[in-house]
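Only one structure is covered here, and it is reproduced in the block below.
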């Protein structure tokens, strides 16, 4: 997702497979927004999302794949949240942060998939300019928030393993509330300026975005203005803040592993590694695709087809949300037992 801040060119020459989409766009403009396009500012005409250029013939099949993963992500994370809320034994910092992660996953996938599926199924390519900005803001806001949640979960494991006797006094309900507030405030402060950075630009041509959703640089490159500030802002947001989270998480787990391997009990080591293993899997699922997209676009962007980058971006917003509940459900005994109790209760109530 970091790559969402720093890539996407939409002014390329489109292949013949996109003729139908372009014809629909021009028909829309001629019927409704000709005046807006002829004016000096084309924001009134809105934006047009082309989906995945180069894979138009596979849109239906891709939509089935995306829809299946999206529904699985919604179901899995909703069950996880319900289990945590319904089981008093899970009202602990670790599981509260996990419910925050699940909530962020649901919102992140929901901010992109419904519009993408409407595009694939109904050829609903048009989105208003303000709607595009709104989608862009929530995608990036939720990405930064999820990165902060993973950092909070790493801090939770660090305190639990490196300072177990102080765990209850450090991670109080007040502290957790402050962490939640700081996560939301930081994400808002980082991403809110992007709206003004995009609104200040001048747009003078048909706003065609070769993607399934709106993102910062994809919108910026539609303009006829100098976007240097947007480029540097995107790089700073991606590298300084998210990069800082990655560094702090790495430092936390280096200290955690040192503490674990100094434990005298083999059972205690196994339990600590099992608990941390789930979190490490989730961290890798979140950051590795993002880093791969960044470096692939930066160093091999001309050699990798554009549809590969767009496909990866779409898979990125559904695969981690789909797999995270499975990872925690399988590897965390308390959640698995809580899920069994919840389903047993629902079955009894339905009889």
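Using N, Cα and C of the backbone, Cβ positions are placed for all residues, glycine too.
Heads up, TrEMBL stuff is auto-annotated, nobody curated it.
Range with TrEMBL annotation transmembrane segment, chosen from 133-155, 202-224, is 133-155. Ranges compared are 19-42, 307-330, and TrEMBL records transmembrane segment for 307-330. Long-range contacts of the transmembrane segment (95-113) within the same chain, counting only residues at least 6 positions beyond its ends with a Cβ under 8 Å from a Cβ of the stretch, are 66-67, 70, 73-74, 77-78, 80-81, 84-85, 135, 138-139, 142-143, 145-146, 149-150, 152-153, 156, 176, 180, 183, 212-213, 282, 314, 317-318, 320-321, 324-325, 328, 334-335.
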